[in-house]
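To start, the structure under review is shown below, and the notes come after it.
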Amino acid sequence: MEPSLAGEAEGAGRFRASEHQHVRYNPLRDDWVLVSAHRVKRPWQGQLEKPPPEDVPRWDPKNPLCPGATRANGEVNPNYEGTFVFPNDFPALQPDAPEPDDSDHPLFRAAPARGVCKVMCFHPWSDLTLPLMSLPEIRAVIDAWAELATELGASYPWVQIFENKGAMMGCSNPHPHCQVWASSFLPNEARLEDQTQRQHLSQHGVPMLLEYAEQEACRKERLVVENADWLVVVPYWATWPYQTLLLPRRHVCRLQDLSDSEKDNLASIMQRLLIKYDNLFEVSFPYSMGWHGAPTGPYLQEDCRHWQLHAHYYPPLLRSATVRKFMVGYEMLAQAQRDLTPEQAAERLRSLPEVHYKKRAEEV
């Protein structure tokens, strides 16, 4: 139900989203976010983060993700030259875990959780991130993602591909890599998105995010980058300051369903977006990102037309390379809140150059 507007001051001036607080509905999560754009003007006296190091060695024999290095379990990495996938040495999910005992009370429920966790290195060099990689190198990452989604999705209901970039997002190793967790259950976010997208298709006759992409392509105000097959927007309901949503223009349910040309254009639009991210504060931009698509495993035989493939990017930086957004207090106890409007964030990202700041510096 829409939040009540009772108590609104009489005689108030005309509403302007860039100046007046309001709440926005997120149909994908069925919740609301408080937008308080006027708060971005307040002086900052809080925590300052340390910028990421610029002197990461290209190869370090002590780095367990580097080619030829020895990992914690004693295994030696091959001298790989492209992507490299291996089982996580400290997995959160294992395929052979025993089942919990039956609960003796409905307030104390447990259920089985099995799965596998893998790590995927994007490139053999530790000082190279996705925005600095070539298009063929990024395409190789996308191909490896699709292969893992197919392989693990043959038996597991959910395959979560995600990248935590930067120490600010809990990444313990600067080497360019992501993780892939396949689980025997649908995680919370997947179950929620399954419900909301199913309901939207039932009520409106069109997949939610396909309709949303068409609307944003026409409206333009939250558009960051686009090409023939993809578009990136700061979503109308964004919670993180420079959060973006990567969407295909065609109705496609899973990463492994993409055509070759769509994968080529995906590599291009990812590179453009990530260059803009790095250029925003001229720093290797931290974020957590991940892919969401239709469930797999037993769901491969079910009707999943309500799903639309998409990727979420959640970056924490707010004002500079050292000032981040904290989701605490009100956000933890009431609802999400943001300080600048999604339209302001999109305009700022859209106006940034598509040549990486490091490469511009090299040309000078």
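Quick reminder: no glycine exception, Cβ is built from N, Cα and C everywhere.
Worth saying up front: this structure is predicted, and the values here are computed from it rather than measured.
Sequence annotations record features per position, and here TrEMBL assigns domain 'Galactose-1-phosphate uridyl transferase N-terminal' to 15-187.
For Asp89 (UDP-alpha-D-glucose binding site), the same-chain residues lying six or more positions away in sequence with a CB closer than 8 A to its CB are Pro64, Arg71, Ala72, Asn73. Residues or ranges marked as UDP-alpha-D-glucose binding site in TrEMBL: 39-42, Ala72, 88-89, Asn164, 170-172, Gln179, 325-326, 330-331, Gln337.
For His177, the entry in TrEMBL reads active site, tele-UMP-histidine intermediate. Around His177 (active site, tele-UMP-histidine intermediate), taking its Cβ as the centre, 20 other Cβ atoms fall within 10 Å, counting all chains.
Cβ environment of His310 (Fe cation binding site): Leu209, Leu245, Leu246, Leu247, Pro248, Trp291, His292, Gly293 lie under 8 Å away, each six or more residues apart in the same chain. Taken from TrEMBL, the feature Fe cation binding site applies to Glu193, His292, His310, His312.
Regional average pLDDT for the domain 'Galactose-1-phosphate uridyl transferase C-terminal' (194-360) in the model is 95. Per TrEMBL, the feature domain 'Galactose-1-phosphate uridyl transferase C-terminal' maps to 194-360.
Using Cα positions, the member of the recorded positions His177, Glu193, His312 nearest to Cys171 (UDP-alpha-D-glucose binding site) is identified as His177. Neighbour counts were taken as the number of other C-beta atoms within 10 angstroms of each residue's C-beta; across the binding-site residues Glu193, Glu331, the minimum falls on Glu331. Ranking the binding-site residues Arg39, His292, His312, Lys325 by other CB atoms within 10 A of the CB puts Arg39 at the bottom. For Cys171 (UDP-alpha-D-glucose binding site), other Cβ atoms within 10 Å of its Cβ number 17. Here the Cα atom of Lys325 (UDP-alpha-D-glucose binding site) is found 25 Å from that of Glu193 (Fe cation binding site). The recorded positions recorded for this entry are His177, Glu193, His312, and the Cα of His312 lies nearest to that of Arg39 (UDP-alpha-D-glucose binding site).
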